[in-house]
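Asks: First the structure, which I've put down as structure tokens, then a few questions once you've had a look.
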Amino acid sequence: METVESISLYYKPTWVVAAVCFVIILISLFAERGLNHLGKCLTHSNQDALFEALQKLKAELMLLGFISLLLNVFQGLISQICIPSHFESTMLPCKKHTEIKGHENYSPPAINNERHLLSEKSGNFSDHCSLQGKVPLLSTESFHELHILIFVVAIVHVVSCAVILVLGRARIRQWKPWEDSISTVPAGPAKVTHRHHLNNVLKKLAWGYWRRAAVISWIISFFKQFYSSVTMSEYIALREGFIMTNCLSHQEFDFHKDMVESLERDFRHVVGISWYQWLFAVVFLALNVEGWHTYFWLSFLPIVLLLLVGAKLEHIIVRLAQDVDVMKKHPGQESAWVRPSDEYFWFNRPRLLLDFIHFILFQNAFEIAFFFWILWTYGFHSCMMEKKGYIITRLIIGVIVQVLCSYITLPLYALVTKMGTASMAELVSVPMQSPGII
């Protein structure tokens with residue numbers, strides 16, 4: 001009886017309650033003030049896209065907090081829901097080893113923090129159901145573990161977003177010297193010579209039967225994303241096509257700065273969590289059944305989709321170069337340039353590739369969060385961790401997907417989709433600035 005009574009705040013010193021609340025409120029205020037200060041810095045530096053991304057990130061964190069609050073509010077009600085004991089024995093993440101009072105009752109052997117008090121508090125609900133020959137739908141301890149999962153998902157989501165932005169900007173920063181080199185080419189004979197050299201590069205990229213064969217072209221594009229996703233000649237060619245099509249009167253247009261802004265707009269999109277991604281998380285939790293190895297097999301889905309998206313983006317560059325080569329064969333088109341079009345994107349929708357990237361990053365982050373949740377809650381040797389070979393493979397794949405997508409695929413998407421009509425609409429909606437300002 002003493003143990004049960006000690007759970008209630010009736011029998012806790014007031015200074016203990018006040019101290020715990022003070023620490024939690026202090027941490028929350030520091031986080032809230034920090035996010036507000038970051039938002040003000042982004043606003044003062046005219047980083048509108050990043051500010052909107054920050055607002056969306058705060059909204060997602062608030063949603064996770066609201067989910068946690070709902071779990072707390074309805075914890076007692078859900079715990080009183082009783083189900084037949086045989087329902088509890090299906091689709092288990094771990095096998096039960098003991099039988100007590102006619103139905104199996106298993107406690108994982110490798111829990112870091114044993115929560116005996118929580119178990120005793122939930123004993124009342126268990127007694128309520130046991131009188132009916134049933135078991136509770138969820139125990140109090142299960143609710144506590146779900147709270148930990150939500151917290152870990154929130155932390156990993158924030159860290160993943162930071163990695164995406166840092167690596168993406170680092171990659172695009174490497175293209176800045178290319179922008180400077182073409183911007184310093186003076187008008188006149190030097191500009192004509194440069195364009196002639198560029199046309200030869202495009203011709204070399206599109207030349208040959210093997211590059212025109214669909215299968216070979218896709219294979220070349222698949223491997224190109226690993227060693228040379230974007231070359232200087234390709235960057236300049238796409239830049240030239242964008243400027244000649246959209247802002248012919250502004251030859252000094254800062255294409256690189258527009259690229260950075262495009263990356264920030266794409267980042268604003270991938271920060272959010274869509275409804276179908278939450279649906280995937282629920283399905284993922286439902287399929288985590290012992291013996292199915294779902295966690296292991298699903299870890300291959302992000303990297304397969306990522307490599308497919310990267311190959312598609314590289315293949316679009318090749319097809320655009322082939323179009324230029326075809327146009328040059330017509331009279332008067334000797335100096336043709338890359339012409340933006342949605343034709344070579346899947347279903348003529350460049351945005352679809354960003355949706356794939358969005359899903360890839362969320363699934364990868366959720367799987368990493370799920371790994372750390374198991375490690376924190378049940379320990380490294382838990383049956384939910386499965387074999388060490390599976391664990392190492394999942395972690396390696398997770399790191400590869402995060403780095404490859406952030407450093408290669410997302411910046412490549414920001415560049416290639418400048419050849420789509422959506423980029424034209426964005427440019428029209430923004431007043432053209434003078435070369436000195438942009």
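Cβ coordinates come from backbone N, Cα and C, glycine included.
For 12-31, 61-83, 146-167, 267-289, 295-313, 356-379, 391-416, the entry in TrEMBL reads transmembrane segment.
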Asks: Report, as numbers and ranges, which residues of the same chain sit near the transmembrane segment (391-416): CB under 8 Å and 6 or more residues beyond its ends.
Replies: 160, 163-164, 166-168, 170-172, 225, 229-230, 235, 238, 259, 262-263, 266-267, 270, 295-296, 299-300, 302-303, 306, 309-310, 313-314, 316-317, 350, 353-354, 357, 360-361, 364-365, 367-368, 371, 385
Asks: May I ask for the residues of the chain that lie six or more residues beyond the transmembrane segment (295-313) and have a Cβ under 8 Å from a Cβ within it?
Replies: 218, 221-222, 225, 229, 284, 287-288, 346, 353, 356-357, 359-360, 363-364, 367, 370, 386, 390, 393-394, 397-398, 400-401, 404-405, 408-409, 412-413, 416
Asks: Look over the recorded stretches 12-31, 146-167, 356-379 and say which has the most C-beta pairs under 8 A to the transmembrane segment (61-83).
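Replies: Ranking 12-31, 146-167, 356-379 by Cβ pairs under 8 Å to the transmembrane segment (61-83) puts 146-167 first.
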